[in-house]
């Protein structure tokens, strides 16, 4: 056995910590604007509707889905510093573009779409991060390292909305730097802050990051990614074939996990604005607080699963996580009788669609409800009458919404970290850049379809249909997990090199 030196151990873990930071910044780039995209879109381009919001959210994931396999292949054959620096630079430039989408005189929504797609393209580096961590940790270190990686990602999702919430204090108008035509407000300040963090990340990658690779037992191996760096060690014996049935199954399960979480994130602002008559600013502020608390809960879960997985195994924990997500969305179904408040501006404009539902409900609307309130603001609130389901679908109570947030906040992090851990163990000593690229692309595909799905189904059919379909998807994923359960084992265990 080749014993790892103390110097190599410290250098290896310093590099892993830089990867944790990169993962954190990638998730911040997504979440730092997630609560404000809709009000910002309405502000810069009034022609954009809720359906286009789905494409704005999805554009991030389209960019990431395209980039992940490309960066994965790149990282298999070249020093990983190259794709890491290039991808982060793209994200920094894209955040700056987002801050200037108000300048054009028309088609602003398409500039916003482009900016978010480029931020997502830069976030394709998570495949490089995951593959590096998988190759730089032993089998016993893997679950803990993957949990830490996911925890850093979760902290990014926590702090993103926190940053956004803090920046709401600047207000919608903010201040303008006329020399460079920059508007610094609650919508642009967060992305400029994200760009600054990206520049810091690039500096740290150059200064600290080094290539390292160990086998499943923790012995130092030669790395094909190093260029002029001393790696030494053994050539890894990677004989044996990968169980592609298990690989495909994890990709499908990961797709479902990211799909339902993307639905959860995307629907938060429109749902609360419709159900609780929150203004744009209130929706951004309150959802930022709620999702921040859920994020803190997720980090605690990541820390707990590192210990729990040693007793029960990753597969059992993945099963439990999916059950929690199922219960969370089931609770979110509309159960009561009270209807949401109708947006008065739409009623004033006489744009009520003449349906059987409106004919039935009209006698119950008081004269006061049909008139403008004396203290009304310019911004209409409530469930818009153009969404016909508002007239007959019961409101989702705030207690339901918060309970659902808590359960999904428990289930999602469990599923996320166990998926990555099982996947990296199934692949074993094989170069994982391309495979991690496909797994990331699978998750990105889910983030594309999730927002588009929920924006279309929610807008036209309402929350009852949207959340019922989500419950059905999770049930199917649980059945798939049962079918492939015995195949989800580590590469070294499969070939008898290590006891499970």
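Cβ atoms here come from the backbone N, Cα and C positions, even for glycine.
Taken from TrEMBL, the feature domain 'Major facilitator superfamily (MFS) profile' applies to 15-489. Averaged over the domain 'Major facilitator superfamily (MFS) profile' (15-489), the predicted model has a pLDDT of 79.
Annotation comment: TrEMBL describes 17-40 (among others) as transmembrane segment. The list of residues near the transmembrane segment (17-40) in space but at least 6 beyond its ends in sequence, with Cβ under 8 angstroms from a Cβ of it, reads 50, 53, 56-57, 60, 84, 88, 91, 95, 98, 112, 116, 119-120, 122-123, 125-126, 129, 132-133, 148-149, 152-157, 159-161, 163-165, 186-187, 190-191, 193-194, 197-198, 201, 204-205, 208-209, 265-266, 268-270, 280-281, 283-284, 287-288, 291.
Taken from TrEMBL, the feature transmembrane segment applies to 52-72 (among others).
The feature transmembrane segment is assigned by TrEMBL to 84-101 (among others). Residues 22, 25-26, 29, 33, 44, 67, 71, 108, 111-112, 114-119, 121-125, 128-129, 181-183, 188, 191-192, 194-195, 198-199, 201-202, 205-206, 209 of the same chain lie 6+ residues outside the transmembrane segment (84-101) yet bring a C-beta within less than 8 angstroms of a C-beta in it.
As annotated by TrEMBL, transmembrane segment applies to 113-133 (among others). The list of residues near the transmembrane segment (113-133) in space but at least 6 beyond its ends in sequence, with Cβ under 8 angstroms from a Cβ of it, reads 15-16, 19, 22-23, 26, 29-30, 37, 55-57, 59-72, 74-76, 80, 83-84, 87-95, 97-98, 101, 145-146, 149, 153, 420, 424, 431-433, 435-437, 439-441, 444.
TrEMBL lists 154-171 (among others) with the feature transmembrane segment.
TrEMBL lists 191-209 (among others) with the feature transmembrane segment.
Taken from TrEMBL, the feature transmembrane segment applies to 245-264 (among others). Long-range contacts of the transmembrane segment (245-264) within the same chain: residues 57, 61, 318, 322, 325, 329, 408, 412, 415-416, 419, 422-423, 426-427, 435, 438-439, 442-447, 449-451, 453-454, 466, 470, 473-474, 476-477, 480-481, 483-484, 487-489, each at least 6 residues beyond the stretch ends and with a Cβ under 8 Å from a Cβ of the stretch.
Tertiary proximity for the transmembrane segment (284-305) is limited to same-chain residues at least six positions away from its ends with a CB under 8 Å from its CB atoms, namely 31, 35-36, 39, 143, 147-148, 150-151, 154-155, 157-159, 161-162, 164-165, 168, 186, 265, 268-269, 272, 278, 317, 402, 405-406, 408-410, 412-414, 417-418. For 284-305 (among others), the entry in TrEMBL reads transmembrane segment.
Under 8 Å from some Cβ of the transmembrane segment (317-336) lie the Cβ atoms of residues 253, 257, 260, 305, 308-309, 393-397, 400-401, 403-408, 410-415, 418-419, 422, 462-464, 467-468, 470-471, 474-475, 477-478, 481, all in the same chain and six or more residues away from its ends. Taken from TrEMBL, the feature transmembrane segment applies to 317-336 (among others).
Here TrEMBL flags 401-423 (among others) as transmembrane segment.
Summarising the annotation, TrEMBL assigns transmembrane segment to 435-459 (among others).
Sequence-distant neighbours of the transmembrane segment (465-485) (same chain, 6+ residues past either end, Cβ-Cβ under 8 Å): 245-246, 249, 252-253, 256-257, 259-260, 263, 267, 315, 318-319, 322-323, 325-326, 329-330, 332-333, 453-454, 457-458. Taken from TrEMBL, the feature transmembrane segment applies to 465-485 (among others).
Nonlocal intrachain contacts for the transmembrane segment (52-72), taken as residues 6+ away from its ends with a CB within less than 8 angstroms of a stretch CB, comprise 30, 34, 37-38, 41, 83, 87, 109, 112-114, 116-128, 131, 262, 265-266, 270, 433-438, 440-441, 443-456. Beyond the ends of the transmembrane segment (154-171), by six or more residues, the same chain brings 23-28, 30-36, 184-186, 189-190, 193, 281, 284-285, 287-289, 291-292, 295-296, 298-299, 302, 413 to within a C-beta distance below 8 angstroms of the stretch. Packing against the transmembrane segment (401-423) from elsewhere in the chain are residues 130, 142-143, 146-147, 149-151, 153-154, 247, 250, 253-254, 257, 260-261, 264, 271-272, 275, 290-291, 294-295, 297-299, 301-302, 305, 309, 314-315, 317-318, 320-329, 331-332, 435-436, 439, 488: each is 6 or more residues past its ends and has a CB under 8 Å from a CB in it.
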